[in-house]
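Read the structure below first, then the notes.
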Amino acid sequence: MEKRVARRGALRQKNVHEVKNHKFLARFFKQPTFCSHCKDFIWGFGKQGFQCQVCSLVVHKRCHEFVCFICPGADKGPDSDATNLHKFKLHSYGSPTFCDHCGSLLYGLLHQGLKCDSCDMNVHKRCEKNVPLLCGTDHTERRGRILIKGAVKGSKVLVEILEAKNLCPMDPNGLADPYVKVKLIPYDAHKLKLKTKTIKASLNPVWNESFTVDIGPEDNSKRLSLEVWDWDRTSRNDFMGSLSFGISELIKSPVEGWFKLLNQEEGEFYGVPVTDDITESIQEIKSKMHRSSISSEKRYPEPDKVQNMSKQDIVRASDFNFLTVLGKGSFGKVVLAERKGTDELYAIKILKKDVIIQDDDVECTMIEKRVLALPDKPPFLVQLHSCFQTMDRLYFVMEYVNGGDLMYRIQQEGKFKEPVAAFYAAEIAIGLFYLHTQGIVYRDLKLDNVMLDAEGHIKIADFGMCKENIMGDKTTRTFCGTPDYIAPEIVLYQPYGRSVDWWAYGVLLYEMLAGQPPFDGEDEEELFTSITDHNVSYPKALSREAVSLCKGLLTKTPAKRLGCGPNGERDIKDRAFFRPIQWERIELREVQPPYKPRIKSRKDVSNFDREFTSEAPNVTPTDKLFIMNLDQCEFSGFSYVNPEFVVTV
C-alpha cells in the first residue's frame, strides 16, 4: 500500500495526577456527583473534579492527594486479601441514593445497585470490580484533618495545634476562616476558654500555637476537646469538626500526628488517627489480630475442674460484717459486706437452700459457680472471690462493683448517645465472645445485669441462667430468660444455641440507643406475639449504621442473625457502627469510659436502687424442718476459693 502524507491534529498528553497508583484526570460531570473521599457534593462548572482512569474513583480536586488506599487496578497489597471482601447483594432503594465509589446516582426503579451486608456501602453493579477491598474500614475524611501534639506533664495538659488540611468550604467563596477551640469536657464554666487565631480565607490553615491546660485529680475522667470553627462577621460561627482525647489516656501515652475531624457527637468521644497508607494499616491490624488470637488461646484455656479450698482458706459467714442490701429477687438477695479486720468490700449473693431445692435449681446454682470460677476471664465479667455454705444457705462472695447498672443509668439519662452505646456494646461483646468460646450460653443479658465499675467499665453479672457445653451445632430447648429479651426461637420452643445471646444483645443495644424496648405488649402473650411476628420500628434520629446493626441482631431467623455464622465474632467487629472502636485497646481496658460513676466513699451505695439499699441486711428464717431433712450431698463441691482473685481496696 502506498504511503501518503495526510493532515493530522496535534496531540497533547493530559495532565495525569498519580496518587497511590490512582491516575486522576480532571473531568466534567454531566450529572450530580458526590466526592468519594469527603462525601460532599462536587460543585462548579467545567471540570469540577478528578476521576481515576483505572478504577473510576471520583473525588474533589482538593481531596485527591488525601486518598489513602492503593488503586484496585494496581492492587497487590493487603487490600486484595479475601478477608476484607465486601458482601455485596442486589438492593432496591426507596429514595435517591448515590454510589459510594463513583459518586453518581444509582438509577432505576428496582435493584438499582449493590449494598454491602457488613459496612452498608452502596455501589453500581459496574463499580463492584473497582471497589477497594476495605470492608470494615473507613477511608473517608468528611471534614478534613488536623495535625496536633498532646501530652500530660504533671498537673498540666500541653497541646500544640500545628495545622489543618482539606477543611470543608464554609463561605460562598469556597473557603473558610477557621480557628480552634481548646477545652476540657464536660466543660467547666470557671475554666479559661482557649482558642487559636483565626486564619482568613483558607482550607489549609497553619496555626503553630501551643496551649497549657491546668488539671487536677478530678479531671482524669474528662476529655481534652479540640473543635474547629468557621468565623463569621455577621452571623453565628459555624462548626467545622472536632476530636477529643481522654485525659487518663494522655497520661499513659502522648499523641502526635494527623487526626480526622469528626462531627460533634463523635468528636465528643473519639480521636481517630489518619492513616495515609491504609494498606500498611490493615497489614498491621491483621498482624495484631493474629497475635491477639494466639494470646487469647493461651489466655482462655479449656475449663478444668476447679480445686476445692484447703483448710487454711476456709471462708465463713462470721468473717463478714453485712452492711447494706444491694438487690433482691426470687433467688435471694445480694448484700454489701466488709471482711472483718480489713478494708475489703464484697458483694455477697445469698441463696436459700430450701428455695433452690423446691424450685429444682440445684444444677443452675452449680453452673453459676462453675462459670464464675472459670480461669483467665476477660475483665468484663464479675470476679468471684469464693463460695461457701452453711446448713441452710449458699454464699457467692464476689467483687463489689459500685457504679450501679445500665438500667439505673438509662433511667437517669433517657438514652445514650451512639458513641456511648458503642463503647458499652463493645465491652459486653468481649464478655459474650469469651463465654461462647467456653461453650456457655448466657441467656440472661439485660440492662439490669450489666454493671459499671468505679472507672466506668462494664461488668456482666448474674450467671444463674447459663447453659454449659453448647459447642458447635449443639443446642438446648429450655424456656428461660427475661420476657423483653427472649429470642423468637425460645418463644416458639425451638432448639437454640448462642443465637439467643445475640438477640438479647440486639434488644439491649436498641434500648441503649432508643431509650425504650423494641417490643411491647399489655401482657406476656402479647409481648411474645410481638417478638415473633412484628417488625421493629426505628427512631429517625438513629444513624443508618446503628439501624443496620440492630436489624442484623434482631433478625428472627437464627441462622441469618448477625453473630451466629462461622465468623460471628469477625462479622460483629466489622460492622460500620463499630468503626471507631479499637478492639484491641477495648480488650485491655485502655479506652477511657465515656462516663465515670459518682462515688462519694468506699461504702457508697447511691448508685443502687433505694428500694433495696434502705432495707436492713437481715437474714430471713428458713423452713427448719425442711432443712433438717435436706440431703446436703446435693451441694457437695460448692465451696471454693478463687486463686486468681485480685483484691481492690
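Counting starts with 1 at the first residue shown.
In case you wondered, yes, glycine gets a Cβ from its N, Cα and C as well.
Looking at 85-135, 340-390, 493-543, the range annotated in Swiss-Prot as zinc finger turns out to be 85-135.
Cβ neighbours of GLY332 (ATP binding site) (same chain, under 8 Å, six or more residues apart in sequence): LYS349, ILE350, LEU351, LYS352, VAL355, ARG393.
SER235 (Ca(2+) 3 binding site) counts 6 other C-beta atoms within 10 Å of its own C-beta, drawing on all protein chains shown. Confidence in the zinc finger (21-71), given as mean pLDDT, stands at 90. A 10 Å radius around the C-alpha of ASP177 (Ca(2+) 1 binding site) takes in none of the binding-site residues listed as SER235, LEU326, VAL334. Using ASP238 (Ca(2+) 2 binding site) as the reference Cα, a 10 A cut-off selects ASP230, ASP232 from the binding-site residues ASP230, ASP232, LEU326, LYS328, VAL334.
Of the chain residues outside the Ca(2+) 3 site list ASP232, SER235, ASP238, MET170, ASP230, TRP231, THR234, ARG236, ASN237 have their Cβ within 8 Å of the site's Cβ mean position.
Between the listed recorded positions, namely ASP238, ASP444, the fewest other CB atoms within 10 angstroms of a CB are found at ASP238.
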